[in-house]
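Student: Take this structure first; my questions come after.
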Ligand code: UDX
């Protein structure tokens, strides 16, 4: 089989590389010449564990190639995936200009049957727009070429993307023809071992599935954060409550961790987009609006705790920040709670010294020298008034309390991810603020 993937962002590059890894001939396309040049030389544009080696191995075996030309990639292709960006425009709806431009390029250049698959997260109805754009171009050319459109949303998590792609919980495909369904079934056969299902449905349902999945996950998080805030007020501990409810199989113990709010490239954008889709159709998604509100507020929760400890005047104080990325194992800073926190601290006159194992370069691109960056977790503690943990990187989990005590001016830790055992922190003489439980003082 031969496939093409347009867009070498997160989804496109991971998908292309994983398809190549199971022996499929893959051409990845991007308009960014520099990116393609780099990829040809094995330099990848994102941080994702394992990806670089996999790109290298599959390129070497000749199964994975890169080009800037959609036309070139269409040669002998059975399936072409559109995996370009759909950035939110001002009103929150996904901007389809890149997706539809790719569709037009396909229409201008296709000469044989293929399945055109939307893999980017796109609003309901997009596959039909893709179909119309291709048909329009074919008509302009005065040629008739048979093709099908399909929708195949991606559920991969940053930091775990390869594993998620190779061993998916499920593959969702929306089609409108048996021919396309057969083609997609064949393409995904190598990933269907161990009983992972491929679920076929109509195209609008497939497009909707992606939004519903991310909305449900965002809802779980906001629900837990809301409960966490109430736990603090009534003297309960959200980590115990989490265990108490998570052992009910109907609720499940995954994705119910209270924290400093969700971020990333998907949840905030998709929640906004689906609320907008509902509004456009005269319906109000009341639950999701609350999910969004809770999350926006949750990103400020650590600042409230800092004020509780140090008062409202943080002028000239310095805070050491562990973590910058929106979650561990990625350098992605999009919608990261750290950005809101840093902004507030600076507004209140404080200085921030930050350390992140991989996201500092990316953070510097956004924040410039508003923040001081450290070489390691302990360097940023020198002369800092307190430590704040906002991303739960594994290397922050067992801190050296002796060093912490020596370097910090005050023995205070604010933990936005509940990674520490309060007893241990207090035994070491520190005051400990976390999420959804009372402050612990020695
Ligand atoms: C998410 C979806 O999981 C994935 O299926 C979809 O394809 C894209 O969006 P990702 O953005 O990589 O993936 O991150 P994820 O691991 O899901 O975490 C999202 C955010 O939720 C992070 O900010 C994380 O810190 C937060 N989170 C997650 C919590 O606050 N609590 C939890 O229990 C789980």
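Cβ from N, Cα, C; glycine included.
The structure displayed is predicted, hence computed values, not measured ones.
Pulled the feature table from TrEMBL, pasting it below:
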- 30, 35, 86, 121, 158, 269, 334: NAD(+) binding site (BINDING)
- 155, 156, 157, 158, 210, 255, 256, 257, 258, 259, 263, 327: substrate binding site (BINDING)
- 266: active site, nucleophile (ACT_SITE)
- 320-422: domain 'UDP-glucose/GDP-mannose dehydrogenase C-terminal' (DOMAIN)
Student: Filter the candidate list 155, 263, 266, 334 of recorded positions, keeping only entries whose CB is under 6 Å from an atom of ligand 1.
Tutor: 155, 263, 266
Student: On the 0 to 100 pLDDT scale, where does the domain 'UDP-glucose/GDP-mannose dehydrogenase C-terminal' (320-422) sit on average?
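Tutor: The answer is 97, the mean pLDDT of the model over that range.
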Student: List the helix, strand and coil residue totals of the domain 'UDP-glucose/GDP-mannose dehydrogenase C-terminal' (320-422) as derived from DSSP.
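Tutor: Helix/strand/coil tally for the domain 'UDP-glucose/GDP-mannose dehydrogenase C-terminal' (320-422): 36 helix, 18 strand, 49 coil.
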Student: What is the number of other Cβ atoms found within 10 Å of the Cβ of residue 86 (NAD(+) binding site)?
Tutor: 24
Student: Any idea which of the recorded positions 258, 266 has the thinnest Cβ neighbourhood at 10 Å?
Tutor: 266
Student: Taking the Cβ of residue 269 (NAD(+) binding site) as the reference point, list residues of the same chain whose Cβ is under 8 angstroms away and which are at least six residues distant in sequence.
Tutor: 88, 94, 121, 335
Student: Closest of the recorded positions to residue 157 (substrate binding site), Cα to Cα, picking from 86, 266, 334?
Tutor: 266
Student: Based on Cβ atoms within 10 Å, give me the single least packed residue among the binding-site residues 35, 157, 210, 334.
Tutor: 157
Student: Near residue 334 (NAD(+) binding site), meaning Cα within 10 Å, which of 155, 210, 256 (binding-site residues)?
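Tutor: Checking each Cα against residue 334 (NAD(+) binding site), there are no hits.
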Student: For the substrate binding residues given in the record (155, 156, 157, 158, 210, 255, 256, 257, 258, 259, 263, 327), what is the largest pairwise C-alpha separation in angstrom?
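Tutor: Max Cα-Cα spread across the substrate binders: 24 Å.
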Student: Just give me the nearest neighbour of residue 30 (NAD(+) binding site) among the recorded positions 210, 263, 266, Cα to Cα.
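Tutor: Nearest candidate: 266.
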Student: Report the same-chain neighbours of residue 263 (substrate binding site): residues 6+ apart in sequence with Cβ closer than 8 Å to its Cβ, ordered by sequence.
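Tutor: Same-chain residues close to residue 263 (substrate binding site) (Cβ under 8 Å, separated by 6 or more) are 299, 326, 327, 334, 335, 336, 337.
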Student: What's the CA-CA gap between residue 266 (active site, nucleophile) and residue 210 (substrate binding site) in angstrom, rounded?
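Tutor: Per the Cα atoms, residue 266 (active site, nucleophile) and residue 210 (substrate binding site) stand 10 Å apart.
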Student: Could you tell me the C-alpha distance between residue 155 (substrate binding site) and residue 86 (NAD(+) binding site) in angstrom, no decimals?
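Tutor: Spelling it out, the Cα of residue 155 (substrate binding site) and the Cα of residue 86 (NAD(+) binding site) are 16 Å apart.
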